[in-house]
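Before any comments, here is the structure.
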Amino acid sequence: MDPCKFRPSSSFDTKTTTTNAGAPVWNDNEALTVGPRGPILLEDYHLIEKVAHFARERIPERVVHARGASAKGFFECTHDVTDITCADFLRSPGAQTPVIVRFSTVIHERGSPETIRDPRGFAVKFYTREGNWDLLGNNFPVFFIRDGIKFPDVIHAFKPNPRSHVQEYWRVFDFLSHHPESLHTFFFLFDDVGIPTDYRHMDGFGVNTYTFVTRDAKARYVKFHWKPTCGVSCLMDDEATLVGGKNHSHATQDLYDSIAAGNFPEWKLFVQVIDPEEEERFDFDPLDDTKTWPEDEVPLRPVGRLVLNRNVDNFFNENEQLAFGPGLVVPGIYYSDDKMLQCRVFAYADTQRYRLGPNYLMLPVNAPKCAHHNNHYDGAMNFMHRDEEVDYYPSRHAPLRHAPPTPITPRPVVGRRQKATIHKQNDFKQPGERYRSWAPDRQERFIRRFAGELAHPKVSPELRAIWVNYLSQCDESLGVKIANRLNVKPSM
């Protein structure tokens, strides 16, 4: 396949206006009418084409992460990690891989303010020599739920009320009162890190647990961490109101202007590594995306650096049509049995097929830079030039053959088919430890934000009591302080 065989490009622009089919247009100022004041004629093909195309310029926005901005650059491996993965782009220090990165807010629509208290997306597409690898994460290391079957529900709860189209936290607290594992993410959302100053000054995390595989099929669980070299910076509530009131696209503009000025954002990539044979020594499940791995027990290991040194050439082509999916992995990197990750592998690719069409991976920004070949043919908006006679496998008339075997962990999976939750939940320990690590003024800001949302008149007394009980199990003094603000009696 050769995606560059023929590609319409602005580099072929003519000096005069034409129709989409290339015919010259001699007047793009007036419609064709009967006389200077007469009715417009339907035979004015250029007018019809121009208006019809304008009416179809917008495509469905992402159901989540609709508001975002992209930039291009490279990833450089800086440390030898061949003892834990056979991924080619991590083959040796100094190896560089082109990337495109998209930062985003999560819940609100395209064009919404970038100062809203909301998780931020941090998605990286690596154009490796063995295909594209997409690492999708957030600026928080944990998520609200641990099972993908509840993903539509948690997004519905955070999205605006379907009656009023206003985001209301009573809906969030109602739904997540059934999911105490969500507490840990609330201790990031309502913390000072809940509103990053901009995209350049925020951490990134893979959130889910992935698997590194070596050439001899040795598997290890990994979590990914992006650390900005310029440090982490966040907006306080009053600052966010001021910044958002002046410019609702402040983070997008900051990213674009910084790169244009030669102030290239940079992040260091680290991994935490756990041998699956040792996972039972932890008091939590390493495949639970509502948990972090303690760095004193599982230290960060440096891998490489990410540098963004080019702005996108066209926002629509390289941001709106940019499509990520955790199902895109390369040899040496694989999924784990993390229930959220398993669901995301299907969901992200499916939403791209709906949003962009079945051939979304043919779009230049999504297509691999390496040579590739399969028998996926035709479909809506297929623009791949192909001249093969054989579109099946195997065939004695075509040279297509299987690639060399990719190392896959031989670990057996044994169990009964069942719908069940994980055994080691331990939902209150880590949020409590995080709260107690803060200075008193930071604790007070968290209490004010959390209690302020719980004070919504549609949050029932029963619901407030449930959340006070949860918070008390994280930290008894925290529960008492929240209860006093809400006039709720804490219970343990």
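Each residue, glycine too, has its Cβ placed from N, Cα and C.
Some features that Swiss-Prot has for this protein:
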type: ACT_SITE; residues: H65; note: active site
type: ACT_SITE; residues: N138; note: active site
type: COMPBIAS; residues: 8-21; note: compositional bias 'Polar residues'
type: MOD_RES; residues: Y210; note: phosphotyrosine
type: REGION; residues: 1-23; note: region 'Disordered'
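This view paints the features noted in Swiss-Prot onto the structure.
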| residue | record | DSSP class |
| --- | --- | --- |
| H65 | active site | coil |
| N138 | active site | strand |
| Y210 | phosphotyrosine | strand |
*Does N138 (active site) have same-chain partners at least 6 apart in sequence with Cβ under 8 Å from its own Cβ, and which are they?*
V106, P119, R120, G121, F122, G204, F205, V207
*Measure from the Cβ of H65 (active site) and count the other Cβ atoms within 10 Å, all protein chains considered.*
21
*How many whole Å apart are the CA atoms of H65 (active site) and the residue listed as 'phosphotyrosine'?*
22
*Other CB atoms, at most 10 A from the CB of Y210 (phosphotyrosine)*: 21
